[in-house]
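In what follows, a single structure is set out as structure tokens and then discussed.
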Amino acid sequence: MTMTVEKRIEADVTVSHEGVERAYVTFLAGNKDYWMLVVGLAKGLRKVKSAYPLVVATLPDVPEEHRQILVDQGCIIRDIEPVYPPENTTGYSMAYYVINYSKLRIWEFVEYEKMIYLDGDIQVFKNIDHLFDTPRGYLYAVKDCFCEVSWSKTPQYKIGYCQQSPEKVTWPVESLGAPPPVYFNAGMLVFGPNLVTYEDLLRVVQITTPTYFAEQDFLNIYFRDIYKPIPSTYNLVMAMLWRHPEHIDLDQISVVHYCANGSKPWKFDEAEEHMDREDIKMLVKKWWEIYEDSSLDYKNFVETESKLNPVTATLASKKLVGDVLTSLAPSAA
């Protein structure tokens, strides 16, 4: 009996770090308080004892003081230039989505053999380093949920169909044709950087008409043939809590994506719909506990490790004076 990708990830993968360059990567733009998210993510990865660094793909409009905060938190700053798609005449779900096309630059980071991309509004509550050992040649991500009003322009939403629970509403083949391909949320991706892929992404994006969900739609189209779904535990989209609670066990969740309106911890708004739920407030509280934990600040963490594990501390110290303080040249391909 063939084991599914999901079961293979959870059951059979072993971690081997020797001679392999791996890293987490996130994306940062603008001069607002989004740096707080990256700090929270960096501290979350430390809390779960991840063995790998956090690279921050940073646009030129990120202030120097914000960059220094991230360096002080052990992040590796990687400067990138924006990627602009063709003009969108229909509009995006959110106006700021247009800048997210710049995330395509992470495929250029070929100094890493495998990377895990995480949006800034994500927190890691369990170690997911084992995902680096997924088979090469594929893009791994979690299936999205179509039940929120942000999907109102899609045929899935209009007929009440969601790929998270396809048994609830059968796709009407007679009237709408074949079911749509499985569609992933691009807030969390496991991928292998590759220059050929990178250059092709930049070429294809310039001849592809932008759509409602911007780079997420584009990535779904581009990687359709090599996409492999992984369990929702690796990217819990908030809407799953009230749309598909039968699929969710919070004790098993590794990664939480604070993407629902009002749910972002640094500007939590209990007045927004669903934000008065106790499970939401608990997850927001957990984010703040990590963010405010000074023992997870990079310097304090290294000092603690030096007492517990001198070898680990030596490696971390070398990183501090070597990799972390080095901001690589910007990409402008």
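The backbone N, Cα and C atoms fix where each Cβ goes, and this holds for glycine too.
There are 24 other Cβ atoms within 10 Å of the Cβ belonging to Lys103 (active site). Secondary structure at Lys103 (active site), as computed by DSSP, is helix. Among the features that Swiss-Prot reports, active site is placed at Lys103, with the record citing similarity to another entry.
Sequence annotations record features per position, and here Swiss-Prot assigns Mn(2+) binding site to Asp119, Asp121, His257. Around the Cβ of Asp121 (Mn(2+) binding site), 22 further Cβ atoms fall within 10 Å across all displayed protein chains.
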Cβ within 8 Å of the mean position of the Cβ atoms of Asp119, Asp121, His257: remaining residues of the chain near Mn(2+): Leu118, Gly120, Ile122, Gly187, Met188, Tyr258, Cys259
Listed binding-site residues (Asp119, His257), ranked by Cβ neighbours within 10 Å, top entry: His257
